[in-house]
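Per TrEMBL, the feature active site, proton acceptor maps to 293. Among the features that TrEMBL reports, Fe cation binding site is placed at 336, 342, 372. Feature annotation from TrEMBL assigns homogentisate binding site to 372. Marked as domain 'Homogentisate 1,2-dioxygenase N-terminal' by TrEMBL: 5-280. The domain 'Homogentisate 1,2-dioxygenase C-terminal' feature in TrEMBL is assigned to 282-435.
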């Protein structure tokens, strides 16, 4: 099979047509009386019509049948998907989960939607404000089924297995150490090669954007050219007995409708409201070259901003391989209490600060003002290490979903999940006082 093709850029105005139908994009207008090839014109709006042009998001789709051709929606059960943040008691403790278990396929077939488990969140999609964090654990592909979320944008982080994602705008493969964003309203289906696991952050407020670089300058961190959007691809496929299932995540619940044709029938499209992916190896790391451990915000890949300047509903931050050269500095992350909530996961490798307990497919959560930092052994080692230039984190990749909201745990993530590490707090208990009232400067 030929490799998939992509368009390069972030937030750009793109235009694409399937090469099997040359000239399928209308010339010079969006809604001609008759579209080429007998297609229907349909607009997908990701912002209000009157949003400022710099924030206006929309794409025109030219498709074989409109997306409105389906039966009425009816509720569908998914017991692990919830936005009920009041069903479980608040928990201010440091939380750690061992790798989330993937169900064995010989016991139960679980696709990507069925494998979504809500870990924590806050806010309300009805009010278009908030965030939800999920893990997904699946073992089989979605067959004649697609999904879209009416609530927000999905940022998907695969940890195990490649995701072969078909969207209305085209196809993309997302491998370990890549991420993808599928924005509100975009229908997609996920195929997997076997056991698959990863993480999802959904933001309800607005869309992800690149962080401002400020005095860093015009270049660095995640460069726009490295974001990839799929090219147009369609299938004109009928499904017997009208059994193609369209799943809609709406106000935190799942609903399903049926239709007799594939939804991936968009022959051509143009606009700036698109799915995209990004390879984390392309991130241009910025770090201190003199002294002190800088704040992890220097590793921000994408951000969804709140109405307060510089305060995020959701940041996607990575802890990538990097050089550390700071002089006279405790180089690991400092001890910290944060007015933001920090959710962290391991994509590959291990955590240099807590190698044994924090593994790929697991997670940690530090709620608002919950103390955290290096354990005793790591503190001792870093406090006495020779401070020479050092390559750190080679072969690893960790990430953080950071939010200004106080995230509530679900019943599943706090009590039902079998991988909760109830002894996580013990990693800090061996820390001892080194206070010396007779200390004198050298």
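Positions of Cβ are set from backbone N, Cα and C atoms, glycine also.
Unlike curated records, TrEMBL annotations are generated automatically.
Model confidence over the domain 'Homogentisate 1,2-dioxygenase C-terminal' (282-435) is summarised by a mean pLDDT of 94.
Long-range neighbours of residue 372 (Fe cation binding site) (same chain, six or more residues apart, CB within less than 8 Å of its CB): 94, 335, 336, 337, 342, 366. Close to the recorded Fe cation site, the chain also has 333, 337, 338, 366, 370, 371, 373: residues not among 336, 342, 372 whose Cβ is within 8 Å of the site's Cβ mean position. The local packing around residue 336 (Fe cation binding site), expressed as other Cβ atoms within 10 Å of its Cβ over all shown chains, amounts to 14.
Of all the recorded positions given, namely 293, 342, the one with the smallest number of surrounding CB atoms inside 10 A is 293.
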